[in-house]
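Structure, as structure tokens:
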Amino acid sequence: MSVTEKKPINRQFDRVSAEDVRRAAEYQAAILADVAGRRGTLHGRIKPLAPHMSVAGPAITVEVRPGDNLAIHAAMAVAQPGDVLIVDGKGDLSCALLGEIMATQAQASGIAGIIIDGAVRDADTLSKGHYPVFSAGLNPCGPTKLISGRVNHPISVAGATVQAGDLVVADIDGVVVIPRDEVQEVIALVYTDIKVVSFNMKKTLKLSTSSDRPT
């Protein structure tokens, strides 16, 4: 086992570039998921608190114990502006791992958004704002802050494997994760795919219009 693997917080990893994030953010999560081979999507239980919420950025991976958010605080301390926290909360909904106070702190520090396979609270306030929060459910019960987890280590969250620095894109359809070293290829394929779809739609529309003409 390497020294990095032994440390609960890994600070040494490469992020997907800001330019690639900007380009990927132009597309819907569904389009990216299709082009990526329908891999890397999180379970459909992970949803935005409001339909208008969307986010794209490098992943800061967080592994917590059910009902405890100490590792999320640690992740917020090492995250850089533009990063997206993606938290493996084991799908546990017994206590919220985040609420309005932590979301406000994350937003103030420049973290682009938070995705949690677990519960959150203060949904009424958070859903009326524009800061992207995605979760598996809600619970008014607050978390403990007693058990250390891991930050920026590989995680398996809601059916997808995520490494620190991977690209995360999320919107009303859900969440897709693209490995950092595949992002440029996927973006190039998206451009090609959109051109093909656009051509086929125009062709179909033209044929439909022609068939409607009186003979």
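Here the Cβ of each residue, glycine as well, is placed from N, Cα and C on the backbone.
Note that the structure is a prediction, hence the values are computed from the model and not measured.
The substrate binding site annotation in TrEMBL covers G99, E100, I101, M102, R121. Taken from TrEMBL, the feature Mg(2+) binding site covers D122.
Overlay of TrEMBL feature records on the structure.
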{"residue": "G99", "record": "substrate binding site", "Cβ contacts under 8 Å, 6 or more apart": "V120, R121, D122, L126, G142"}
{"residue": "E100", "record": "substrate binding site", "Cβ contacts under 8 Å, 6 or more apart": "D122, T125, L126"}
{"residue": "I101", "record": "substrate binding site", "Cβ contacts under 8 Å, 6 or more apart": "none"}
{"residue": "M102", "record": "substrate binding site", "Cβ contacts under 8 Å, 6 or more apart": "N69, I72, H73, M76"}
